[in-house]
Each structure stands twice: as structure tokens, then as C-alpha cells.
Amino acid sequence: MQAYQRDFIRFAIERGVLRFGEFTLKSGRTSPYFFNAGLFDSGLALARLGRFYAEAVIDSGIDFDVLFGPAYKGIPLAATTAVALAEQHRRDLPWCFNRKEAKDHGEGGTLVGAPLSGRVLIIDDVITAGTAIREVMQIIDAQGARAAGVLIALNRQERGKGELSAIQEVERDFGMPVVSIVSLEQVLEYLAGDAELKKHLPAVEAYRAQYGI
């Protein structure tokens with residue numbers, strides 16, 4: 001695990017974004033942990049989050065021309081990542097996002113920001129079922145651009161209804177990488193090394209054994 005990944009997990013726990021206990025997911029599964037990126041809900045937290053995304057962008061080595069934030073949660077994530085890449089890494093890159101509803105006045109259309117062209121890096125919080133990413137792929141295709149990859153905050157490394165995770169299905173169906181700031185594997189490593197949080201390790205390991213990929 002890299003230093004920025006360890007720092008991100010600590011930050012997520014401090015913000016209450018990553019919590020341990022008993023949580024019922026949309027899938028109906030009872031999970032021993034929960035990740036809610038909506039709780040990065042202050043200016044300072046969002047700025048710091050952007051720096052973690054930017055580190056993961058650099059670490060991934062993915063070549064791309066524009067950042068894209070899917071409405072709605074991806075919009076501030078793409079914005080803060082673009083700021084951090086410019087300020088911390090001297091990479092001033094264009095970014096854009098979509099509206100859920102088309103406008104028929106002003107600039108019109110469903111896209112806002114830089115032109116959606118060339119190689120597109122999609123920025124989002126998590127991939128649960130992959131439905132949102134499939135919708136984004138239609139938007140990208142319609143603009144004649146192509147997806148270079150997807151960057152999310154956490155990879156749960158968890159099977160869907162079949163043998164693959166939603167992330168693996170996206171990678172297979174679209175032939176592009178999905179990378180994350182951290183994965184469940186790194187969360188387990190963090191728990192194992194933290195005296196106070198180690199008590200949650202058996203439950204998370206058992207969940208991984210049952211649903212993991």
C-alpha cells in the first residue's frame with residue numbers, strides 16, 4: 001500500500017465516509033462496512049479528496065485528454081481532481097460534465113465545460129452495478145470520443161449476481177481499465193495494522209470470503 005492510499009483510508013474514516021458495523025446494501029447484502037463519499041462535504045475535505053484522486057490519476061499511468069464527471073456525484077469529483085492535477089502536478093487539463101436534463105436555452109445541450117473529445121477519463125465515487133458507467137459510455141460515444149478508463153474512490157472487490165464484480169464487467173464490456181484510490185484489499189491491510197480498528201477485521205474478512213472476487 002502506498003502512503004497516499006494509507007492517508008486516504010485514515011481520512012475517510014476520520015470523515016465518517018468509511019464506517020464499520022452492520023449495513024444493509026441496495027443489493028440486500030449485509031455488509032460489515034459502508035462507504036459514503038457524500039460525507040466529503042466541506043471545502044477542505046473536497047480539496048483534500050481531489051489531491052487523493054490526482055495521486056491515483058498519476059499512479060494509474062492512464063493517458064487521457066479530458067476529465068469527465070457524470071451527473072451528479074461525479075461533477076464535484078472531476079472538478080476537484082482537475083484543480084489538484086493543475087496545482088499539485090502542473091497538469092492543467094480540461095474537464096466537463098453532463099446534465100441529467102437537456103437545456104433548450106443558453107449554451108443548450110446536456111454537456112457543460114470543455115469539449116468531450118479524445119481520450120476521456122471518467123471520475124466517479126464507486127461502481128455498484130455499472131449502470132451509470134454504461135450510460136456515460138453512450139454519452140462519450142455520441143460525441144465521437146473514447147473512454148480511456150474510470151477512476152473511483154473505492155473498489156469493493158465484490159461479486160455481483162454472477163462470478164464477476166460490476167467493475168470487472170465494465171472492464172470486460174468496454175475494454176478499459178477501472179482503477180481506484182484504494183480497494184478492499186488495502187482497507188483490510190489498514191485494519192490489520194490499526195490496534196483500535198483491528199476488531200472489525202474478522203467480519204470484513206468473512207464478507208470478503210463470501211462475496212469477494
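Glycine too: its Cβ is placed from the backbone N, Cα and C atoms.
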Among T128, T131 - the residue Swiss-Prot places in the same orotate site as F34, F35, R156: T128
Pairwise Cα distance for K73 (5-phospho-alpha-D-ribose 1-diphosphate binding site)/R156 (orotate binding site) [Å, integer]: 18
Under 8 Å by Cβ from F34 (orotate binding site), same chain, sequence gap 6 or more: L18, R19, G21, F23
For K26 (5-phospho-alpha-D-ribose 1-diphosphate binding site), nearby residues of its own chain (Cβ under 8 Å, 6 or more apart in sequence): T128
Least surrounded among the binding-site residues, given as I127, A129, when other CB atoms within 10 Å are counted: A129
K73, K100, R156 as binding-site residues, winner by CB count within 10 A: R156
Greatest C-beta neighbour count within 10 angstroms, which of the binding-site residues T128, T131: T128
